[in-house]
Amino acid sequence: MGKTLFDKVWNKHVLTGKEGDPQLLYIDLHLIHEVTSPQAFEGLRLQNRQLRRPDLTYATLDHNVPTVDIFNIKDEIANKQITTLQKNAKAFGVHIFDMGSDEQGIVHMVGPETGLTQPGKTIVCGDSHTATHGAFGAIAFGIGTSEVEHVFATQSLWQTKPKNLKIEVNGKLPTGVYAKDIILHLINQHGVDFGTGYALEFSGETIRSLSMEARMTICNMAIEAGAKYGMMAPDETTFEYVKGRPYATNYKYDIDAWRELYTDEDAEFDRVITLDVTDLEPQVTWGTNPEMGVSFNTPFPEIQNVNDERAYNYMGLQPGQKAEDIDLGYVFLGSCTNARLSDLVEASHVVKGNKVHPNITAIVVPGSRTVKIEAEKLGLDKIFKDAGFDWREPGCSMCLGMNPDQVPNGVHCASTSNRNFEGRQGKGARTHLVSPAMAAAAAINGKFVDVRKVVV
């Protein structure tokens, strides 16, 4: 019987352990940031240990970094976390993409941009959205702080192999519909737990037609479907993306092995889901988890359970309303889901020549300094600023309420991020997940509009 892509990569990294039992996996790349690493470093000190492989460990600063004045960190806890990582990186010999560096940015942006993220690797990070890197054909997953320490000390991790779930996506995406809409629709249709216990492999002609940046958007939100892992088979698009990047120094030697990373034709999956995107519409979430979403022209559903009732109360909405009825106050273009160059380009097409609605506060936060530099070379900063957007420095920003960028209590925000939980963007903030183009159109119109009519 053939093997799935996931099984092939997993099996190559097993150090010990029987099939069906927890197995010890070798970790090829460990990415860290300032929030989940301090206690892990302290654990090493208490045990008088060093990092097993500092050369396979890379740090960046992202969650707490201010996006207006990056060196003016007013919050004491945030400042301590940042300075602690800077000191720990120096003490333990870890390369850090520090504040002010041209390579600093959100951890799931930095890995791919530098070429650290490569097909066939096992990649971990103390962050929920590590599956982003699975778009390259890597096994990438988020871990907790105690596991961060375990990888520091041993460069390995005990894991139980999940089942395999194939998501086959076919059809041509309509104009104005994007990768973000694919993953939001899948979660809306199948729930926030359909991937629990599975490794997701996204495949099909639609996936193969996507850019690497669009593929990363889909894998980024695998965790919102309950899955620890999301993967796509690497192909020529992948190889061209990796080629020439600073840390892809063995490209010409590795590419032959990468070409073997695919699911065999006779491989069996434990479950298969199919999706035809030919008639897919732009998606908007109305509630407090990514499952609570609708296609743009679909009314919000009737209350089915206590979770729906609570979500409607929190969001200040009612069944039967539509996305265009939402009274928006903020628009956020950013996060590790949708703050790449192509995302900003898509949004700029909508924004160019227009002005932000007077009722809207709109900010753009490039996901990394690399993206910011490239965007400014293209003049995107001028397009956004001329329209009335705030053009910020890189960081996690308004994706989560851990830094100065927060949505006020009770205000609705069109956001390109990945989570719309209660209080995710600040106390009482009401988050609506959409694609960059949808967010941009909302900023201009002061409400959600059908972006397909804007970008035609």
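A Cβ is built for glycine as well, from the same backbone N, Cα and C atoms used for every other residue.
Among the candidates CYS336, CYS413, the residue that Swiss-Prot annotates alongside CYS396, CYS399 as binding [4Fe-4S] cluster is CYS336. The [4Fe-4S] cluster site, placed at the center of the C-beta atoms of CYS336, CYS396, CYS399, has further neighbours from the same chain whose C-beta lies within 8 angstroms: ASP62, HIS63, ILE106, HIS129, GLY334, SER335, THR337, ALA339, GLY367, GLY395, SER397, LEU400, SER417, ASN418.
In the structure as shown, the Cβ atom of CYS336 ([4Fe-4S] cluster binding site) sits within 10 Å of 27 other Cβ atoms.
Long-range neighbours of CYS399 ([4Fe-4S] cluster binding site) (same chain, six or more residues apart, CB within less than 8 Å of its CB): PHE332, GLY334, SER335, CYS336, THR337, SER415, SER417, ASN418, ARG419, ARG424, GLN425.
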